[in-house]
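Student: Sharing a structure below in structure tokens format, with a few things to ask.
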Amino acid sequence: MSKVTSSTLLKYKQEGRKFTALTAYDASFASAFDGEGIDVLLVGDSLGMVLQGHDDTLPVTTADIAYHTRCVRRGIERSLLIADMPFMSYATPEQAMENATALMQAGANMVKLEGGHWLLETVTKLTERGIPVCAHLGLTPQSVHVFGGFKVQGRDAENAQRILDEAKALEAAGAQLLVVECIPESLATAITQALTIPVIGIGAGATTDGQILVMHDVLGISSGYIPRFSKNYLKQTGEIRSAVRAYIEEVANGTFPSSEHTFS
């Protein structure tokens, strides 16, 4: 079984083949997801909420992400492994280099950073030094207090254009993947069509190249609240591996996300 790389995902985009991603935080779940064919696993700073019980992702540290990255790495053979860079771990290019290095040494294939134009220098420097970057635009959870809560982004023309411009700039700076979160499907479509690199959506409609969800939402083991853009697949299948297969199949055939999971 060949390993998934950024080149694999680029080929999928060029072929029009949808791919899937999930968060993972330990070897056991990672092994199950990897074995069923999930293409990308993300050690997300969402662990601050779903594992540590915080109200947001801000308390998560680089050491936390590195620990869980090592755990996930030991459980997988095929999936591309991305590690989130947590809040204030990349405020400067120098700080980003130090912390991204630690995450790559922990087993990540790529690091993910939230932000737009202010990140361009950092993205370029990381890429030039052999650290692949996944960018993240739209609802960026580390900026939740700036946004005034977890709110859909890019609904007005000005902000939609800003996000599109930032997506293009991040690709030009060297980003190899882009996550767009909680934006209107029309904006996600424009970004996906404008960029050469693969675009992964969460709460961004069905037109992105790939989809990502938090594993706790997919398996219905969150704290009771499941975001509108997510779906409890365990409820309809009754078994973890079957739930993962159902998620993969619905993304591949275009039935997930449907209109009920999408913002306008």
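Glycine is no exception: its Cβ is also placed from the backbone N, Cα and C atoms.
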Student: According to Swiss-Prot, Asp84, Glu114 bind Mg(2+); identify which of Asp39, Asp45, Asp156 is listed for that same site.
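Tutor: Of Asp39, Asp45, Asp156, Asp45 joins Asp84, Glu114 in the Mg(2+) site that Swiss-Prot records.
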Student: If you draw a 10 Å sphere on the Cβ of Asp45 (3-methyl-2-oxobutanoate binding site), how many other Cβ atoms land inside?
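Tutor: So the number of other Cβ atoms within 10 Å of Asp45 (3-methyl-2-oxobutanoate binding site) is 29.
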Student: About how far apart, in whole Å, are the alpha carbons (Cα) of Ser46 (3-methyl-2-oxobutanoate binding site) and Glu114 (Mg(2+) binding site)?
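Tutor: Checking the Cα atoms of Ser46 (3-methyl-2-oxobutanoate binding site) and Glu114 (Mg(2+) binding site) gives a distance of 13 Å.
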Student: With an 8 Å cut-off on Cβ-Cβ distance and a minimum sequence separation of at least 6, pull the same-chain contacts of Lys112 (3-methyl-2-oxobutanoate binding site), or say none.
Tutor: Leu42, Ile82, Ala83, Asp84, Met85, Val133, Cys134, Ala135, His136, Val179
Student: Could you find out if DSSP has Lys112 (3-methyl-2-oxobutanoate binding site) as helix, strand or coil?
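Tutor: It is in a strand.
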